[in-house]
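Notes for the one structure printed next.
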Ligand SMILES: NC(=O)C1=CN([C@@H]2O[C@H](COP(=O)(O)OP(=O)(O)OC[C@H]3O[C@@H](n4cnc5c(N)ncnc54)[C@H](OP(=O)(O)O)[C@@H]3O)[C@@H](O)[C@H]2O)[C@@H](O)CC1
Ligand SMILES: [K+]
């Protein structure tokens, strides 16, 4: 990735996340040059902690701070940060969860007046008691939990990027007692990831302990944070849900990593990125050249989805919308959108399945829409032996496969097919594709590790996958034989409402129709346009609900002035309100 100037570099740093291996490669040259990264990390953590205490009107001299310190460098960060807070007058206790502590950091901590409570009887930490009985170990653990709970601040320094798998042993028990075990992060969605006023404030060092650092999963007990101070570069867990929901407000400490040659693991969309997907009208344009969207959506049973998808597509910069569906839905579409054209004709993209019953639905089997969709989707199927049919499939216009069409998806398809499931629908899709012999995956499992599920669906089908959520995950081809992961976190939580998905499907269809056929020629653009649709949908929802809250907030950059952040929570909306706000969203994106 070529990052030509400083502003571009910072933008890339804030909106890209890198795997732990890449982060270690990027920090290597600095460590070799003797740059004191750990001290820099610790100072930043102490400063962020003090400013949080300040926000709560808690003087540092009165603050009780608990450092949950692991045996690795993450624990070292915590101990140095604890030492700085102790030097400022705080009363700081470190709970040693492993058998050792980072030596120099431990010395600095003790020198600053910090106290240490050891939990592992086999620990070997200078000046600390060990070899105690199992009974005493239990008492110490209980005391540690109580002490942490009654603190003003907990610095979570158990594990950082060296974490492997679910937290085990004492760290796991402590996380289950102080944090969460088995549930997704569950708190009101506030603007700017505002910390709750409840004490203790939890500050995660680098990453919250217990989350899947490289995939955003929650493999076991974890400690949700009010704030995370992360070093050098964003890790996937700070962007990918549900771990990203456990990070609270994120501050990135720029170590000056050279990111020119680093390939991000996952990127977050921003408005600049999205505007590339918007085709501005041209002087010589007519309605056809601006892109026509064909919709096979809605059904006799669910006609409303036809209206929502048609109106959303028409508002999203399409030249024209064609609608195919049952008489009742046709009548309703025409009265809601007189501009719609009924019946078949040339289109630049398709949207199928929104508001169409699936096979499991009681009206599913005999719904005529399903017959039309199944026939259309056959044109997108890839066959092992038939090159001619494959060439025809590769030349098809892009298509959005939503809701009731998902169970009609052929096994292997071309990448300009975008499937748009929510977690439950993705679980059903994966179980059908994986077939018997592979353990069935539940909606809850998809929710606990949505990225893995989206990657799996892309791998199995070849389709581009857009998994809906407060942070929407898009997985598609990167053009070099690999996967591209793009996220959109623009939507406020108010958008979790009936019909919201139908609106997204229509918007995505329209954005794909206006790409002048480029998506068919270059499938690597498909995930970009899919993420752009999710972002524009989220932005329209934010405008409609007058909400500053979003699924993902851009991290603060340590040492740089914090932009004043508005804090309107906003108000409830219905899907129709989102459509009404699309023009204003475009206005913002094009400006
Ligand atoms: N490189 C640098 O100089 C800089 C690094 N920096 C900081 O260092 C961090 C990386 O440090 P790291 O590599 O030492 O690993 P770290 O995250 O402390 O984890 C290792 C410890 O965790 C334990 N552990 C692992 N898995 C576990 C599990 N499932 N359940 C329970 N325990 C588990 C593991 O135990 P073990 O497996 O050895 O028994 C070991 O004790 C990085 O995130 C950043 O904060 C910054 O200061 C900037 C400069
Ligand atoms: K941590």
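Cβ atoms here come from the backbone N, Cα and C positions, even for glycine.
Whatever TrEMBL says is automated annotation, not expert-curated.
A quick note: this is a predicted structure, and the numbers were derived from the prediction, not measured.
Site annotation (TrEMBL): AMP is bound by 468, 469, 470, 471, 472, and the candidate from 482, 499, 501 recorded at this site is 501. From the candidate list 21, 156, 270, 272, the residue TrEMBL records in the K(+) site shared with 74, 209 is 156. Take the binding-site residues 73, 74, 209, 472: by the count of other Cβ atoms within 10 Å of each Cβ, the lowest one is 73. For the domain 'YjeF C-terminal' (270-589), the mean pLDDT of the prediction comes to 95. Residue 73 ((6S)-NADPHX binding site) is 34 Å away from residue 469 (AMP binding site) when you measure Cα to Cα. Checking each of the binding-site residues 74, 76, 206, 209, 422 against residue 501 (AMP binding site) by C-alpha distance, the shortest gap belongs to 422. Residue 422 ((6S)-NADPHX binding site) falls outside any helix or strand according to DSSP and counts as coil. Within the same chain, residues at least six positions away from residue 470 (AMP binding site) with a Cβ under 8 Å of its Cβ are 189, 241, 245, 489, 491, 493, 496, 551, 552.
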